[in-house]
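Undergrad: Just lifted these from TrEMBL, have a look:
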- 1-63: region 'Disordered' (REGION)
- 43-58: compositional bias 'Low complexity' (COMPBIAS)
- 66-301: domain 'Sulfotransferase' (DOMAIN)
- 75: active site, for sulfotransferase activity (ACT_SITE)
- 75, 76, 77, 78, 79, 156, 164, 281, 282, 283, 284, 285: 3'-phosphoadenylyl sulfate binding site (BINDING)
- 264-276: disulfide bond (DISULFID)
């Protein structure tokens, strides 16, 4: 089963006794990560295309490099955030993930610009690619494009995020080993396998250290994936303030779907049905051994505390877990 695990998941080996730091090993591409094909991107960048942006995008204006990026994290709520911010008339965003700063960088900035939707003066161009946050080269590359780029990171309880990540993969590859098998180097000793991408992505402090070498904290907004579900309007108010936008996306844009268990987007003056995220969102998680969850919580706790200190924000993931 470990061989099957190795084939299914990229792992970044840690040397014996290696301390996990921002420099420890390159992050490999996760083959399970939602990705955008070159064909989709060329369609997005073709003349007359709307770059995957909302239907109100005019065919006039010009294509600009993005001034703001949603850089992470995978399975944190980035799609929900993108769809909500695209409801703002002063935002134009690519619907597909360009993966420019991790996979397509050699294609050059003109290629990247061409993938963007056209915007008018005063509108913000945006894109989201959640794997940027865990890509070692991304901060330097984005900084060299524009050092004043605004960065948004949607974070979520790393234990829940890891299970969600596994669930997504399981839906595509039902033959993979169990979560419990993949999560441990040694189950008897309780050694968590931090080289498994599903675990490693949630060590937020490790990744943030890399970004802070290039960007001040004031240029990075951390959005709570949990509050994006329980209070989407409140989180969107912070996002709009951070981007220097008028607070136009408000509570009247959201409707809570009890079946899916998360908010859906609706146009405030529109009587049409709310737009919900696709069926791949809100999947039922497999039942995980409670002892494994307990060990994962212990593993993540010091990293979470470090992350709270680095960002000046307490996401209360430990509190949330003690309430269960």
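Using the three backbone atoms N, Cα and C, a Cβ is placed for every residue, glycine included.
Quantities reported herein were computed from a predicted structural model and do not represent experimental measurements.
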Undergrad: Whole-number Å only: compute the distance from the Cα of residue 164 (3'-phosphoadenylyl sulfate binding site) to the Cα of the residue listed as 'active site, for sulfotransferase activity'.
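TA: For residue 164 (3'-phosphoadenylyl sulfate binding site) versus the residue listed as 'active site, for sulfotransferase activity', the Cα atoms are 6 Å apart.
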Undergrad: Can you tell me how far the Cα of residue 276 (disulfide bond) sits from the Cα of residue 77 (3'-phosphoadenylyl sulfate binding site), in Å?
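TA: Their Cα atoms are separated by 13 Å.
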Undergrad: Work through the binding-site residues one by one (164, 284) and point out the residue whose CB has the fewest other CB atoms within 10 angstroms.
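TA: Looking at the binding-site residues 164, 284, the Cβ with the fewest others within 10 Å is that of 284.
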Undergrad: Compared by Cα position, which of the recorded positions 75, 79, 284 is the closest one to residue 264 (disulfide bond)?
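TA: In terms of Cα distance, residue 264 (disulfide bond) lies closest to 79.
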Undergrad: Would you say which of the recorded positions 75, 79 has the most Cβ atoms within 10 Å of its own Cβ?
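TA: When each Cβ's neighbours within 10 Å are tallied, 75 tops the list.
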Undergrad: I'm trying to understand the geometry here, so how far is the Cα atom of the residue listed as 'active site, for sulfotransferase activity' from the Cα atom of residue 284 (3'-phosphoadenylyl sulfate binding site), in Å to the nearest whole number?
TA: 14
Undergrad: Tell me the Cβ contacts of residue 77 (3'-phosphoadenylyl sulfate binding site) under 8 Å, same chain only and six or more apart in sequence, or just say none.
TA: 154, 156, 223, 225, 228, 229
